Amino acid sequence: MGIAISINALNKTFRGGRKALHDIHLDIKAGEMVALIGASGSGKSTLLRHMAGLMAGDGAGQGLIQIHGQTVQQNGRIAADIRRTRAGVGFVFQQFNLVDRLPVIVNVLAGTLHRVPLWRSLLRWFTPSEVARGVEALRRVGIAECCAQRASTLSGGQQQRAAIARAMVQGARVILADEPIASLDPESSRKVMDILARVNREDQCTVVVSLHQVNVAIKYCPRTVALHQGRVVYDGPSVALTPTLLRELYGADADDILALGDHITSLQDNKPVAPHLVWPAALAARAPLASAA
């Protein structure tokens with residue numbers, strides 16, 4: 001299985017000298033479903049935006065990001081052909097990023113715009129086969145009956161499912177989801193995560209999802225990458241994450257991750273690692289604690 005996302009020596013410093021990402025090295029295999037966890041401000045969203053080429057890293061270092069072998073950015077410069085690379089990357093935002101006044105189907109078919117002529121994209125004119133593909137994507141996420149409604153009439157969970165359908169219509173080989181369930185109720189959260197897991201499994205689509213709920217990472221993602229103050233402090237099997245380990249990794253900041261009420265009840269310090277859920281053995285053999293130096 002090849003590498004879908006490769007990140008080497010990525011650093012990001014914001015104005016004022018605040019270091020957001022510290023020397024990130026990360027390889028994600030094609031077809032993996034990986035969780036990014038961390039307290040607020042740990043760098044999860046910043047890292048995802050760099051993966052998508054929406055932000056550029058520091059130019060002074062040797063930072064390099066590639067998706068399926070295509071360069072997204074290098075040495076602080078976004079690749080000149082980034083549009084071609086982005087065509088295979090779906091980004092699911094926390095705030096849905098739909099156009100409220102447009103019908104759901106039109107929002108979903110925005111995923112085809114990179115493949116259609118400019119005049120058709122300006123007129124929002126789609127072929128019957130494109131519309132059929134959009135309706136099928138909406139059926140797969142369970143909201144086909146809403147295709148003619150304005151996006152503004154959907155609930156938060158339905159809007160997030162429409163955003164995933166847009167990535168499916170796009171034909172994305174990689175989906176980057178930035179806290180897609182942060183503002184949703186538990187039932188809507190479950191449906192959204194079930195859909196992401198199904199797309200990962202059925203379409204062999206690589207999924208990287210940032211989460212604030214550790215138990216959700218354990219349930220859906222065999223592998224978890226934990227960030228703390230812009231550094232990777234854990235990269236390994238999700239099932240190995242216990243409250244004790246999280247406190248070791250995060251110290252006082254662990255309260256931000258553990259203070260989730262019922263969300264954390266599935267975490268037990270003596271919970272055995274289920275072999276069928278373990279992250280691939282060749283990678284799991286690596287020491288789970290990354291250097292924070």
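Placed from the backbone N, Cα and C atoms, the Cβ positions cover glycine too.
DSSP assigns Gly38 (ATP binding site) to coil, not to a helix or a strand. If you look up Swiss-Prot, you'll see Gly38, Ala39, Ser40, Gly41, Ser42, Gly43, Lys44, Ser45 marked as ATP binding site.
Residues annotated as domain 'ABC transporter' in Swiss-Prot: 5-254.
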For this session: Could you name the residues, excluding Gly38, Ala39, Ser40, Gly41, Ser42, Gly43, Lys44, Ser45, of the same chain that surround the ATP site, i.e. Cβ within 8 Å of the Cβ centre of those residues, in sequence order?
Result: Thr46, Leu227
Seminar exercise, completed: Minimal Cβ count within 10 Å, across the binding-site residues Ser40, Ser45, points to Ser40
Problem set entry | Across the domain 'ABC transporter' (5-254), average pLDDT on the 0 to 100 scale | 92
Seminar exercise, completed: Mapped onto three states, the DSSP assignment of Lys44 (ATP binding site) reads helix
